[in-house]
Amino acid sequence: MKEIVLSDLINQQKVGPYQKFILVTCLLLMIMDGYDIQSMAYAAPLIIEEWGVQKSMLGVVFSASLFGLFVGSFLLSSLSDRFGRRPILLISTFIFSILMLLTPHVGNIEQLTVIRFVTGIFLGGIMPNVMAYSSEIVPYKSRIFTMMVISCGYTVGAMLGGGISALLVPWGGWQAIFYFGGIIPLIIFFITFFKLPESLYFLSENSKNSSKILFWLKKFYPALTFNAEIKIINNTEVQVKKSPLELFKNQRAFFTYSIWIISILNMISLYFLANWLPTLAKESGLSLNQALLIGSTLQLGGTIGSVVMGLKIDKTGFYKVLIPVFLVAVISVALIGYSVSHIVLLFIII
């Protein structure tokens, strides 16, 4: 019986039409993941006005959503290693779609907090599994580019959310933002249910799955000929587990703490701006459409910045790029409050 190493086979082939279809589906999931996470920020100004609540009360809702996202990313990515990426992706997509459709029917801040927390858990199952799944079905030479494109789907979804919300709100109020965020991923769920295979690497961990792997390989690479005597094996090396304390040994402690502090502060700033900009913009006298587009502009800048900085870092290294970028970011954030009366300048700064 002839043995074929799965990774070698994938690395030697071009990305076929069926793989491209799967990648587009994964990209759409990431776009809706970004849209749904950011949807609360776009609905917030209208909820404050309709419910007559203090805007500070929505801070709990934003925090609950992000905490759920953290829990889901950790928990569901771990479960996918045990039960497979396909079932976790399907369950996550279906449940967060239903929860998005239920969100317009809540009646108070407490209910909204709970439903956004649970929604965040299942939204957290999308990104790590989609990223891992996408990287597994393309050859090594295309892996970095593929992951970069797929990861940009998140910010694209968050960016499009402002424009889509501006179109939907006059028609269906803030509730329409969540209906859209539930209906579209529900359609994607049914597509993935019938068309998305299990991760071939996950299947290859059990020798009984050879026939399933061959079935999907024929879908991926119709020009290749496979026979029943072929055995697909996975030669992925088992990584030796090391203690997290290794990060603090051999003079690595300073860099570890520095990276952690920078990452935490960066995420706090990012999520504060993403969640509160539309609300604060409307409170400052901008129209609802302008406030929603302010949020989209932030995400557009983030998408462009990620790509440009990624290319620059590859050429010049981290320090020469990140230090001036952080300095400009600090100045820009400080100038936001002084630019509200100059709408064009405000959009440029953001």
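Cβ atoms here come from the backbone N, Cα and C positions, even for glycine.
Database features (TrEMBL):
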DOMAIN    22-350  domain 'Major facilitator superfamily (MFS) profile'
TRANSMEM  21-44  transmembrane segment
TRANSMEM  56-76  transmembrane segment
TRANSMEM  88-107  transmembrane segment
TRANSMEM  113-132  transmembrane segment
TRANSMEM  144-168  transmembrane segment
TRANSMEM  174-194  transmembrane segment
TRANSMEM  254-274  transmembrane segment
TRANSMEM  286-309  transmembrane segment
TRANSMEM  321-349  transmembrane segment
Mean per-residue pLDDT computed across the domain 'Major facilitator superfamily (MFS) profile' (22-350): 86
Which one, 56-76, 88-107, 113-132, 254-274, 321-349, has the most C-beta pairs under 8 Å toward the transmembrane segment (21-44)? 113-132
Is the transmembrane segment (113-132) in contact with the transmembrane segment (56-76), using at least 3 Cβ pairs under 8 Å (sequence separation of 6 or more) as the test? yes
Leading contact stretch, 113-132, 144-168, 174-194, 254-274, 321-349 vs the transmembrane segment (88-107) - CB distance under 8 Å: 174-194
Determine which recorded stretch among 113-132, 174-194, 254-274, 286-309 has the most C-beta pairs below 8 angstroms with the transmembrane segment (144-168). 286-309
Cβ contacts under 8 Å made by the transmembrane segment (254-274) with residues that lie 6+ beyond its boundaries: 38, 41, 62, 66, 158, 247-248, 295, 298-299, 302, 329, 333
